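Going by TrEMBL, these are the annotated features:
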type	residues	note
DISULFID	124-134	disulfide bond
DOMAIN	52-141	domain 'Staphylococcal/Streptococcal toxin OB-fold'
DOMAIN	152-256	domain 'Staphylococcal/Streptococcal toxin beta-grasp'
């Protein structure tokens with residue numbers, strides 16, 4: 001009886017360790033919470049896709065970075081429309097932000113917000129009479145979310161398993177979207193390693209890992225080459241979940257592979 005009891009206790013301990021390992025694994029996905037067994041390869045994207053991605057992540061004319069805005073209108077339950085958000089490059093003066101669902105948009109409806117993300121104009125449908133740009137997610141509350149000075153978030157860049165370089169990105173937000181962190185990270189990667197250039201870079205696959213400093217908050221990752229379509233309306237839909245994290249509690253690990 002005692003022997004059976006000891007075996008039973010050992011099984012419970014083993015199961016508990018297994019569950020903790022699974023639940024708090026550092027490899028979690030912003031969408032599925034599982035790192036895919038096979039990362040997407042650069043070769044899966046054609047020349048047009050790579051050219052457009054390089055432009056979106058490198059050219060700041062696509063970038064929306066505004067503060068203290070309140071939506072003036074709404075087209076569907078899962079979007080919010082902000083006026084007086086000019087983008088001279090796109091010749092637009094309004095912005096529609098689309099979310100995964102109405103539950104997210106309701107959190108920010110009528111609230112003062114800050115917006116950071118990549119905008120697009122093709123296939124963007126706004127209100128009649130408004131020249132509107134669109135984007136997915138990228139919204140945080142404005143009130144009580146500002147730091148007195150910019151916070152630096154460290155980036156470790158690994159190439160084929162060996163650490164190559166350390167970089168920093170900055171934000172003034174206590175709570176920041178993954179989109180903001182991801183865009184700033186990919187801007188560095190495109191400037192430095194030309195990750196979306198087929199002819200001048202030997203990087204073939206990779207991912208960005210947003211690593212929490214404790215086990216109470218999840219880790220996230222984005223596959224660098226997991227994209228559909230050829231334009232912003234397709235590329236950046238994965239940002240519509242508007243995931244927000246504490247900027248004080250994360251650093252970023254980037255894993256690049258040449259094969």
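Every residue gets a Cβ built from N, Cα and C, even glycine.
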Original post:
Near residue 124 (disulfide bond), which residues of its own chain have a C-beta under 8 A away, given they sit six or more steps off in sequence?
Top reply: 96, 132, 133, 134, 233
Subject >> Packing count at residue 134 (disulfide bond) (other Cβ atoms within 10 Å of its Cβ) >> reply: 26
Original post:
Could you give the number of helix, strand and coil residues in the domain 'Staphylococcal/Streptococcal toxin OB-fold' (52-141) as assigned by DSSP?
Top reply: 17 helix, 39 strand, 34 coil
Original post:
How does the domain 'Staphylococcal/Streptococcal toxin beta-grasp' (152-256) divide up by DSSP, counting helix, then strand, then coil residues?
Top reply: 29 helix, 45 strand, 31 coil
